[in-house]
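Enquirer: Pulled the feature table from TrEMBL, pasting it below:
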DOMAIN    A:87-301  domain 'ABC transmembrane type-1'
TRANSMEM  A:28-50  transmembrane segment
TRANSMEM  A:91-112  transmembrane segment
TRANSMEM  A:124-145  transmembrane segment
TRANSMEM  A:151-168  transmembrane segment
TRANSMEM  A:180-201  transmembrane segment
TRANSMEM  A:221-242  transmembrane segment
TRANSMEM  A:249-271  transmembrane segment
TRANSMEM  A:283-305  transmembrane segment
Amino acid sequence: MAISAVSATTLREAPPPRRQRLLEDERWLAFVLLVPTIALLGMFIAYPFIRGILLSVTNSRVGMPGDFVGLANFYKIFNDGIFRTSVYNTFLYTGVTTVFKLALGLWLAMLLNRNFRGKAFTRAFILLPFIIPTVLSTFAWKWMFDPTFSVLNWLLYHFGLITGRINWLGDPDLAMISIIVVNIWRGVPFFAISLLAGLQTISPELNEAAAIDGAKPWQRFWHITWPLLLPVTMVVVLFSVIQTFADFQIVYVMTGGGPANATHLFATYAYQIGIGTGLLSEGAAISLAMFPVLFLVVIIQLLYIRRVEVR
Amino acid sequence: MFFYVPMALFLLFLLFPFYWMVITSVRPDGELYRPWNSINYNPFWTWKPTWDHVRYLFEETLFASWLWNTTFIALASTAISLVCGVFAGYALSRLNFPFAGSLGTGIFITYLVPQTLLFIPLAEIIRNYRLGDTPWSLILTYPTFLIPFCTWLMMGYFKAVPKELEECARIDGASRWQAMLYIVIPVAIPGILSAGIFAFTLSWNEFIYALVFLSSPEQKTVPVGVTSELIRGDVFYWGPLMAGALLGSIPVAIAYSFFVEHYVAGLTGSVKG
């Protein structure tokens, strides 16, 4: 307040001080307003990214700077069986969960788009899996999957679906299925709420008109709702693909990459090598190996957003 | 039939883990550790609720410190991100300057850079800056994924403020800076609130940076503390673990329930991008 009072008086009596004049200039003001953002993003995103690339072509370990080794780290990881498994797992994990999250999320969004009692209440509650810290909710799932005390086994047994115990996280295939289920559980609310917002921008009259013309519900969905919902869907799917591809928390808590390294993703394997065993440069190489895929998805996303905006 | 059955199944699937968290955190150990196939076992209810697990959490672990650390870090990084996001959003949506478009795209791209791509080089950088094992390592790095979101959201809000409003203030003698501070920003307060809530929940939720940058037990955040201190080797303290998960979730749930409408607006605003 004091500063503005001073500037108001100086404005009337004398030419404004240099600082004030500069802030009146749009370019200077923009520069001043953007400096904190650019500084933080530069220091903690751009710089680490370059450092990561430099790190990945050395043989650094914790507390040891290391020498330039060219592409040796990349050569090594591409010949590493566990790394290959992680690549396969990451694609499987991203692909399967995205299909389910989209299908279930869309279904839930259609249900929530109707009028029913307790609508606001339901909407608030279904967002919980997305809101609650992932690590903490994943522990609830780990407890539900516990081999000895599993409530899921209890349920399946009492519904007559199984006869003996299932060791969910001890078997490589079941462990993979388990982490996929948890990821779907966490992601469905995000898809549902985002798609619901998209659905609400579609005018109900379009559907009514089509209904009068004799279009069946399925036809109305396919020819009216889906094309209008596509832009929102694309943005949500691409965003989710990036997040899922780089996921860490669910696998770290549920299996830690086990049993016998069967459920590692890029991020958990990079953590195990880079932080767990201290091979910094190799860990950096593993997480950088995610980059080409992420880059491709970001480019698609940018092109798509630009096309939607032009239209 | 085609509405209520699927809806009930969805609710069951989405909410059951929370029910399980609640019931586990008040169930005495004697009931908790009974194999699923033992006789006369009713897993879904307890007649002898207990506070033992919560007491253990506060008396035998540093849970209170973790709660405080998480709150402080989330509030501080949210404040930094809001200031940066409001300024940057204003500049990008209302000022003319060279490279405005490419800067906007650049900030959008950083939103899509996952933490797991950078945590290893960042761990080194944090150590070089001597920020390791301090809350500042997180307060300064969390804004990297919060600012882009805040900026993007604020741009939308600022674009909706009519240009004439600002021009009137300018004619009345306000400087550009004053017009921004007293005319444009107040109009965008709903946007600032939803950005703030979203930033708060995201930093409360963050895990990998906290896991890598913090090492001493008293510096940890709730997710990291619960993970590293309530599991000893192969032994999981399930009662306290679930109580900790529940208590660690409540602050975010409250923050969000107050602003549920803003929150959904913010979420969908970001999706419309």
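Including glycine, each Cβ sits where the backbone N, Cα and C put it.
TrEMBL: automatically predicted annotations, no manual curation.
I'm curious about the neighbourhood of these features; can you describe it?
Expert: The list of residues near the transmembrane segment (A:91-112) in space but at least 6 beyond its ends in sequence, with Cβ under 8 angstroms from a Cβ of it, reads 119, 122-123, 126, 176, 179-180, 183-184, 187-196, 198-199, 233, 237, 240-241, 244-245, 247, 265.
Packing against the transmembrane segment (A:124-145) from elsewhere in the chain are residues 108, 112, 151-152, 168-169, 178, 181-182, 185-190, 192-193, 249-250, 252-254: each is 6 or more residues past its ends and has a CB under 8 Å from a CB in it.
Through the fold, the transmembrane segment (A:151-168) approaches residues 144-145, 174-175, 178 of its own chain, all at least 6 residues removed from its boundaries and within a Cβ separation under 8 Å.
Residues 52-53, 55-56, 73-74, 77, 83, 86-87, 90, 231, 234-235, 238-239, 241-242, 245-246, 266-267, 269-271, 273-275 of the same chain lie 6+ residues outside the transmembrane segment (A:283-305) yet bring a C-beta within less than 8 angstroms of a C-beta in it.
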